[in-house]
Amino acid sequence: MAESLDTLPPVSTLPSLPTSTRAQILDLLFEPSQALHTLSLPLTSTESTHSFRTYDDLIAAIGIQLTELAESASTSDTEWLEQILGSHPRLGEKKVDSKLSRMEQAAMAKASGDQRSEAEIAAEMETLAKLNAEYEARFPGLRYV
């Protein structure tokens, strides 16, 4: 397996990078999702007509792809979008695959001066697990993100 990326390479190098590295970049920016790889890796390839000056530009282009799926009347497009959204971890779950997500969560906890006890954190996790289960029962195949 390829070594995991900890930082993003210059966006200008995207088209020249191997597919596996470009997939890891998407995993850093979003959550690991084979469906997102299939949808969005072509944007980053040498065959793409897109050229990105910043990662914000790439994220915006992927946002357009996701919006098009969301606005589509096609059942297969809805299923595709659900696969992508389903790759996001449930709220309150400890496992977070994206390094950027872990860094974001750590920064938020530090900035908020989170001083909760382990019991308070456990109670919050239990509440989130119940709410996640209720949401997923009401909307099968989706996660609250």
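Each Cβ is built from the backbone N, Cα and C atoms, and glycine gets one as well.
For reference, TrEMBL has these:
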DOMAIN    16-145  domain 'Oxo-4-hydroxy-4-carboxy-5-ureidoimidazoline decarboxylase'
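Secondary structure of the domain 'Oxo-4-hydroxy-4-carboxy-5-ureidoimidazoline decarboxylase' (16-145) per DSSP (helix as H, G, I; strand as E, B; remaining residues coil): 86 helix, 0 strand, 44 coil. Confidence across the domain 'Oxo-4-hydroxy-4-carboxy-5-ureidoimidazoline decarboxylase' (16-145), taken as the mean pLDDT and rounded to a whole number, stands at 83.
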